[in-house]
């Protein structure tokens, strides 16, 4: 009996836990009231059990049961007080967490409680309570807020009940669904989806059951859809959106999508139309060039045979051995060894009308004026550049950089020579340049050789010092052009008058001898053979030559009397 009664008390304790928060003063009083209630319940339960079991039993057992009941009541009172205090503390902590969540988010979910005690919430802890009565908590709106399951249910119900988007029968791409990213609706579990139609009459905007302004979003997306349609379907991408109609129509122009282009670039449709050529060439002048490889829109691509001649633009190609004209070469693609010649037409329909098919044999006439060859020298003069200039076009020639270091050096050297040439022509003459060059050559020739060391160097230096003196002595002794006479010989002296064949003796030892034994040339009189000069005498006048005729006007000296 004693072991079973506390278990019954413990089993009933958690059923009676309060669901509301109270102050510290109210906790004690309220706990006493609950303890009394629990004791009364236990007493009634135990008395009923004992009365049912112990009717034929003696009074002694009843006394013992009463003692046991008193002890169990004391134990249950203490345990219930402890449990009530613990449950109240837990409820206070839970209430604080709920208040924090209520401040952070506006959507607070309040679930209803089945018991009346859970609806009683204690007032503020700072308020003083005089009477042991429980004050109800402030009324909280318990209307169902937007939670995850409720939003999902609302989303599924909106599709069927609230609003329906009318389908558009214009086409598959007329309706688009764009998710709206609105910061006001970011707290919801999903983003509203708006259906937009490109047609003005059928353009309607709809959103899910959110409080955001769906009308403004629908109008904005409708305008955006129109702009997208205009951009896709227009031909000229550079024109503004205001230049087109409201529904994006462009008149008679084609609505096909055009490739991107830069400013100033012309597409195939922008080029002037091609006039059909009526040319025929003899069959013997035609040479097979290749075949029609493919047809792309309004271009015919011709592949050539290996090791064939290279042709330039505007070369006329033929079909059927010269009897039919294919067209002029519009562009050349591919490698130099295996080029592809492009022939342009006005439209693809024109190609079909002329009966041009893939695999047709193409001919050329290299001996006629309709063929343009590639000249390598002219091709090398064309300078291309990979650099991008304004509007993604190639830069002009004056802005092209050199692609090779050697070319850059050659160009700089040529510019340097040109500047030097211009400077020379403007300041100095050709004679001045020649004189400067001659002076530089002489200076380089007069420059002494490198000096040597040792005894050999001393001998060479002595010889070099003696050579200039000898040369200077020879230059200072001028010689007669006709005779190699002594410099002191004077042909206008009286000796020449009386002695025309007189020659002064070689008494001057300063005169250098030309030939050993022959100081003077052979005289033109007497013997024709050379002979030695007569010895010198110590008188002033030498004797006359032995076989010479007497001098004129000097007969008195010969023993004859003077004329009377």
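Our numbering is plain: 1 for the first residue shown, then up by one each step along the chain.
Here the Cβ of each residue, glycine as well, is placed from N, Cα and C on the backbone.
When the residues 203, 209, 254, 461 are compared with Swiss-Prot, the one annotated as phosphoserine is 254.
Taking Swiss-Prot as the reference, the stretch among 511-537, 538-564 described by the feature region 'Disordered' is residues 538-564.
Of the candidates 76, 427, Swiss-Prot records phosphothreonine for 427; the remaining residues carry no such annotation there, which does not rule it out for them. Taking 77, 160, 429, 465 one by one, Swiss-Prot attaches phosphoserine to 429. In Swiss-Prot, the feature phosphoserine is attached to one residue out of 20, 216, 403, 493, namely 403. Swiss-Prot records phosphothreonine for one of 21, 250, namely 250. Between the listed ranges 238-264, 265-291, Swiss-Prot ties the annotation region 'Disordered' to 238-264.
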